[in-house]
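Reading through the structure tokens given below for one structure.
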Amino acid sequence: MFSQKRELNKWFAFGRNVRQVLTFHFPLPVCSQFSKGVYAIIGLYDRKTMNMLMSFCGALHVCFVTPSFPIDTNNQFVIQLRPELQDALISLIEHYKWTKFVYMYSSDSGLTVLQRILDMAAEKTWQVTSVNVDSLTSVAFLKVFQDLDSKKEYQIILDGELERLNSILNLVIMLRLTASRQYGFLDLNLTEFRKVGANVTGFQLMNYSDPTVSRTIQEWLDFDSKDLKIPKRRLKYTGALTYDGVSVMATAFQNLRKQRIDISRRGNAGECLANPPAPWGQGIDIQRALQQVRFEGLTGHIQFNEKGHRTNFTVSVMELGPSGPKKVGYWNENEKYVSTATYSHTLNETFGLQNRTYIVTTILESPYVMLKKNHEKLVGNDKYEGYCVELAAEIAKHVGYSYRLEIVGDGKYGARDSETKMWNGMVGELVYGKADVAVAPLTITLVREEVIDFSKPFMSLGISIMIKKPTKSKPGVFSFLDPLAYEIWMCIVFAYIGVSVVLFLVSRFSPYEWHSDDQQQPEHTNEFGIFNSLWFSLGAFMQQGCDISPRSLSGRIVGGVWWFFTLIIISSYTANLAAFLTVERMVSPIESAEDLAKQTEIAYGTLDGGSTKEFFRRSKIAVFEKMWSYMKSADPSVFVKTTDEGVVRVRKSKGKYAYLLESTMNEYIEQRKPCDTMKVGGNLDSKGYGVATPKGSALRIPVNLAVLKLNEQAVLDKLKNKWWYDKGECGSKDSGRKDKTSALSLSNVAGVFYILIGGLGLAMLVALVEFCYKSRIESRRMKVLQQTYTQTHSYTQFPSGYPSG
């Protein structure tokens, strides 16, 4: 407390310990100090005395400067040295993507923060468990942690005074509860907790690298406190705030002196025992002077807003490793949380990874992870081979840690049980602290990202359709007609007949088509009868021509447009004929998801319990909703327990079952014997496989950087080519295409030979008919001539038979 002796014009500070005074006796020592003419008070409060102090200060206009926990009050005479960290805490929770955590607090300091967290939890759908640690004994604390362990609560925020936090951490270390948990601390001097060693994050207001701070701390340690009977100990957080509080008051009163503002006490002003109590008129001047103070103190930049709260301050975000606290970021009101963490090529120096073997969980799935043929004779990581085995080795080499591959016990990727809310598979291994990294074909999904961290995708993929490879269609006898559709051929026939008829009619009407070959015979003839018109049109269509041509302009117009028509048709036919006759085609009954959805003859399904099934279950696209409705109601079930089971079902279904799976696995199986499956259509979605780590793991950023570097160096592409195509059993990468160019066979052009033979036979038959017809005509003609000759001969001989007379 500060007072002034007017005759000396000096400031004096004196104190009184009111810590043991009962609440209902508290006004007496406070009023006693007021009666001595104090100008301002610096001290601590708790929940019991807080409201009473606020009332006294507000009524008497006496400023109260305190390093105690901040409170939300509009009392302008309370100057709060301790900054409010609710916003900083919310930013850090959002940065670490915590959605389920425990908030352990002291009733004195934590209720305001708890209320803010609960408000944000309602908005962000966080799951928050709150625990008051004020009266917890070691036994009770142990029971609390056992309950949290059964509920799988692994993110914990501790908010309290240093002594209480120290006792909690000592108990945590004793119980060995740090392995799979993350701890966040408010109001913490992290240098006190080096013994924890991992998974600890907190805020630090004092910058120990600042020479001024270091010098003050050393002066504190060197201070001879024998007369005051105070044991030597390190300057703590509350002590540093108190130091800054004294500096704030000294600076404010010095500024008042420089401004020559009279703040002397007169009469009973400011005395709470007066009846009625009279506020001190100059208290406003002191309050304004205190709020206008600005300087750099032990706890950073000192500045207050109009409510007396700290503003424009910056807190460091610290993480603990074996070598002590390390700054990973900072928070202030303008920039919010800013990460400043930097990682070297390896993590040995920063996190001490050289002294630990990390567990890498994975799953047996070809070609990602497979047992070698002689795996019985091998031990450790040497037993396995595959894409993910080599990927894990590359990541470990770039990050710089040793690891051990372990196959997930239940053989599952990871899904949350709808009843127990427990995670299984590799995701469960990470969530519950049984593994440190997951290197496997693990799909990055929203629900998984909420509980674990993923790296950037090391492989992009999507859901695809696998069917049994259809047999190659044998070309038909008349496959040479395939380049043009049936409708086009019919139109060509009608066009041929129509042109021939029009040419015949035009030739009939046009006088220029009638001519006489013999000048002595005036009779005119027309060459374009109906048969000649048909012959002319056919010759033009076959691009061979004939001996006759139209003479009239109208006839030549008909011939010209017909030639142009045949030019385009024949050119198009020739171009398509080359492709149709030299490409072996496999006719697939399914080409897309739409084809599957609109039929029921071919069944289709997915893996039972995986991201593919979840995709269809959650999809709002009409086609996928229809497919999901069919799959969930199909009898027998279309879902399979393993990918191998789905592949076998496709191969044995004779084309009556389609399996929906990731495109990468589809492409791999297509390259394996007996080479009887194929991928059809495009991918139904787009997603990726990522390397997973537990939430907030120290490996998250280094692993992510390693994946990005492997991608830039094309190592990921080389690994995929190696395990998908170089080791494939069905030919080269492009051999799986459904169209394959090959030489023409007799079956491709058999129809042409049939038409040739048919035409020759028809010609012989027509020649025979013509011969018979002509013979019959000649026979009749000869008979007529013979009869005419006979009658004529008989007539000429008849007169000579008459008698003469």
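Numbering starts at 1 and runs along the chain as it is shown here.
Glycine residues also receive a Cβ, built from the backbone N, Cα and C atoms like all the rest.
Record features, source TrEMBL:
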type	residues	note
BINDING	P441, T443, R448, S611, T612, E662	L-glutamate binding site
DISULFID	C31-C272	disulfide bond
DISULFID	C675-C730	disulfide bond
SITE	R416	site 'Interaction with the cone snail toxin Con-ikot-ikot'
SITE	R617	site 'Interaction with the cone snail toxin Con-ikot-ikot'
SITE	K709	site 'Interaction with the cone snail toxin Con-ikot-ikot'
TRANSMEM	484-506	transmembrane segment
TRANSMEM	561-583	transmembrane segment
TRANSMEM	751-773	transmembrane segment
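Sequence features, as recorded in TrEMBL, placed on the structure.
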residue	record	Cβ within 10 Å
R416	site 'Interaction with the cone snail toxin Con-ikot-ikot'	17
P441	L-glutamate binding site	21
T443	L-glutamate binding site	21
R448	L-glutamate binding site	25
S611	L-glutamate binding site	21
T612	L-glutamate binding site	23
E662	L-glutamate binding site	23
C675	disulfide bond	16
K709	site 'Interaction with the cone snail toxin Con-ikot-ikot'	14
C730	disulfide bond	18
Query raised in the report: How big is the gap, in Å, between the Cα of C675 (disulfide bond) and that of E662 (L-glutamate binding site), rounded to a whole number?
Result: 18
Query raised in the report: Hey, what's the widest CA-to-CA gap across P441, T443, R448, S611, T612, E662, the L-glutamate contacts in the record, in Å?
Result: 18
Report task. Between R617 (site 'Interaction with the cone snail toxin Con-ikot-ikot') and R416 (site 'Interaction with the cone snail toxin Con-ikot-ikot'), find the distance joining the two CA atoms and give it rounded to the nearest Å. Result -> 15
Report summary line: Simplified to three states, DSSP reports C730 (disulfide bond) as coil
**Report entry** Distance, R448 (L-glutamate binding site) to R416 (site 'Interaction with the cone snail toxin Con-ikot-ikot') (CA atoms, angstrom)
**Finding:** 9
**Report entry** Output field, L-glutamate shell: CB within 8 Å of site CB centroid, site P441, T443, R448, S611, T612, E662 dropped
**Finding:** Y413, L442, T445, G610, K687, Y689
Requested in this report: Going by Cα-Cα distance, pick out whichever of the recorded positions C31, K709, C730 is nearest to T443 (L-glutamate binding site).
Outcome: K709
Report summary line: Checking the binding-site residues R448, T612, E662 against K709 (site 'Interaction with the cone snail toxin Con-ikot-ikot') with a 10 Å Cα-Cα cut-off, in sequence order, leaves none
Report summary line: When the recorded positions C31, R617 are compared by other Cβ atoms within 10 Å, fewest goes to R617
Report summary line: Rounding to whole Å, the Cα atoms of R448 (L-glutamate binding site) and C730 (disulfide bond) are apart by 36
**Report entry** Length of the line joining the Cα atoms of T612 (L-glutamate binding site) and C31 (disulfide bond), in Å
**Finding:** 73
Query raised in the report: In Å, rounded, how far does the Cα of P441 (L-glutamate binding site) sit from the Cα of C31 (disulfide bond)?
Result: 72
Query raised in the report: C730 (disulfide bond) to C31 (disulfide bond): how many Å between their Cα atoms?
Result: 95
